[in-house]
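In what follows, a single structure is set out as structure tokens and then discussed.
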Amino acid sequence: MAVITKIDTFAAIGAGVIGSGWVARALANGLDVLAWDPAEGAEMQLRANVENAWPALERAGLAPGASPARLHFVPTIEACVADADFVQESAPEREALKLELHERISRAAKPDAIIASSTSGLLPTDFYARAHRPERCIVGHPFNPVYLLPLVEVLGGERTAPDTVDAALGIYRALGMRPLRVRKEVPGFIADRLLEALWREALHLVDEGVATTGEIDDAIRFGAGIRWSFMGTFLTYTLAGGEAGMRHFMQQFGPALELPWTKLVAPKLTDALIDRVVEGTAEQQGPRSIKALERYRDECITEVIAAIAAVKARHGMRYED
């Protein structure tokens, strides 16, 4: 089917942490943005989130004409999507809610507008079941902060047209993102399945008194996390195999997978475990506010991305290589 491949107006359904991240990214790319959220105080919170993100976006580089003034908060779903070229829904992860929302969104949107959901694990075939023209409906799952992290996982449902996925990949690239096409419709997609495994193991380590939340974060940020930011998991292990590469690594360390060290099944979230996690992270946060931590995080992300891009350029590589 024919869908829009170049956008001027971006619609955001839902203006929470993820939705406001999409709004900030779209504004930074010089688009007009329409937003809707039924929550009380949503517009004020959305504008505050954009304001907090804007310094990092300025450091990263704004498109010509980019301005928070191009954000328009509207009272209904229909007013939000009627003139939009691209719709990004970021509502809570409840299938029944998304079914209802996408029935309304798809009937009010332009027939050639692409409709995307930020869902982190629900399957598009299921929640687009009542959508009008489901062939133009996809998942575009981002990562927080959406306005800085480039990864977005893209996939369609059983009735999504392949041309729609291709067009969405191009639009996300135009927004400065690194789209990753998910080959199969599976719960959790790719990145969140990996992150969930790590999160479960981290909770086990806290629950068993092996480490505090701060010590676990240190194990990541001073170790594997640094390598992951530019090399990922498989290429890192390729180097661990020495000159013989991955085959040697698999032969040498593969048998250790049978031990196993990991628990895999999530621990029971008892009150005691929740208290340990909350108290540990509160100690890590210290006197800093969430907004202050967000600004610190954003500056670190922009500097890390810039540094990696500069080193890759010296080696004849693009940032996304």
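A Cβ is built for glycine as well, from the same backbone N, Cα and C atoms used for every other residue.
The feature NAD(+) binding site is assigned by Swiss-Prot to GLY14, ALA15, GLY16, VAL17, ILE18, GLY19, with sequence analysis given as support. Taking a C-beta cut-off of under 8 angstroms and a sequence separation of 6 or more, ALA15 (NAD(+) binding site) has the following same-chain neighbours: VAL23, ALA35, TRP36, ASP37, ALA39, ALA42, GLU43, GLN45, LEU46, PHE73, SER90.
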>> Other than GLY14, ALA15, GLY16, VAL17, ILE18, GLY19 themselves, what residues in this chain have Cβ atoms within 8 Å of the centroid of the NAD(+) site's Cβ atoms?
In response: ALA12, SER20, GLY21, TRP22, ASP37, LEU46, SER90, SER118
>> As a test of the contact definition, list every same-chain residue at least 6 positions from VAL17 (NAD(+) binding site) whose Cβ is closer than 8 Å to its Cβ.
In response: ASN49, ASN144
